[in-house]
């Protein structure tokens, strides 16, 4: 009987189930979107029960359409939108409030108070993160402070907290396993990434009872089994968990120290594997756990760019410059350069290394000769410049010079962008055959735990390149272009 690994990719707007075979190839997939709730400006919430329903639906669809029987599943891997927070009743398994999503800013005031009390340095040292509404800790505090009776129930040990991975493992196992992995725990603002424990001082700062927290386990391990009524009568091992960006790093087989990947989605997330040492950043990067496997923990530096693919959507939908995103490449290639035009797509502020949420988008160097083509090209180039900003910070912090950059996500289909990225970084850019690296990473973690794949060396062999983009631009030219970008950033920051 042929066996497969099932990957559950629980994202911000949809849930997906993807079946992988022994070669790491996609056999079949199913996807289901769910509702976004915006109760107030800047707030983003999901219904955790609806997310659970969407997961059950995609599992059923994927298996039936692929004609794969439940007993053919060797293991389940889970990857998830990180930081999104669920608090549920231990007895009924019902959430006491909506899931508060990573993007939601509803805890910004709590963060300001914590900063004013002088906690920033302690948080940075212990967690590798900044005090920000992005991370889970303040979201848990908000739920306990704002939902009637929640704090009392939590103090009595009746409530559980989890990021989305924990919630799904709890539901799949019928409430038998309350766990998370190192990569997800490292995004909560409550976990000490050095001694790998929930931290009493951080919990006290956030007034979160320890009894709510899941057990933290390696990213590749059997956490429990599916309860038969949730998996068509089968008890399948739930064997791999990692947050989406860390899973993509694993799926790209970036196992060596200094290997890095950049995911071009709505925003960009760039992670560099720093091996077994947690590198503290001096340049606005986050220090995070990549994964824990075989008794060892790998760390990573992470840079976040807020606007990437969404800038291309803006050209299409907001500026109506083309009907299909793929046309952006055609227009950009019609001109030799941007003719001195720079677009800074700071629509929601700037991320790494600037961390400025007040600044807004800008355009510079426009003349009477500027055309639509120049404008589109400048917008695409801005993705590459922002990536260089992050890479410069990574190289400065880690002391590691990048040899190649592996890429994934929607925008990597754009050959113009990938070539320009290679030129501006002066390193080769490698695009893999399988672009679903996040789901693949979760599948690999699960497959290793159940012996479906032998080891990381076997996985490394399965990474196949679709195309390698080599830098050909003269150093002088790329330096001048990048200097222009830095000027544009400074000017943008000055206009508030």
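For all residues, glycine too, the Cβ spot is worked out from N, Cα and C.
Positions annotated as ATP binding site by Swiss-Prot, on the basis of sequence analysis: 12, 13, 14, 266, 309, 313, 410. Around the Cβ of residue 309 (ATP binding site), the same chain contributes 264, 265, 266, 267, 409, 410, 411, each under 8 angstroms and 6 or more positions distant in sequence.
According to DSSP, residue 12 (ATP binding site) is assigned to coil rather than to any helix or strand. Sequence annotations record features per position, and here Swiss-Prot assigns sn-glycerol 3-phosphate binding site to 12, 82, 83, 134, 244.
Here Swiss-Prot flags 12, 16, 266, 309, 410, 414 as ADP binding site, drawing on sequence analysis.
According to Swiss-Prot, the feature glycerol binding site maps to 82, 83, 134, 244, 245. Packing around residue 134 (sn-glycerol 3-phosphate binding site) is summarised by its Cβ count: 21 other Cβ atoms lie within 10 angstroms of its Cβ, all protein chains included.
What Swiss-Prot records for 230 is phosphohistidine. In sequence order, 56, 171, 172, 174 are the residues of the chain that are 6 or more apart from residue 230 (phosphohistidine) and have a CB within less than 8 Å of its CB.
Mapped onto three states, the DSSP output places residue 313 (ATP binding site) in helix.
Within 10 Å of the Cα of residue 82 (sn-glycerol 3-phosphate binding site), not one of the binding-site residues from the list 13, 313, 414 places its own Cα. Of the listed binding-site residues 12, 13, 245, 266, 414, the Cβ environment within 10 Å is emptiest of other Cβ atoms at 13. Neighbour density for residue 83 (sn-glycerol 3-phosphate binding site): within 10 A of its CB lie 25 other CB atoms from the protein chains shown. Classification of residue 266 (ATP binding site) by DSSP places it in coil, neither helical nor stranded.
The shortest Cα-Cα distance from residue 83 (sn-glycerol 3-phosphate binding site) to any of the binding-site residues (16, 245, 414) is found for 245. Listed in sequence order, 8, 9, 10, 29, 30, 31, 32, 58, 439 are the same-chain residues six or more apart from residue 16 (ADP binding site) with CB atoms under 8 A from its CB.
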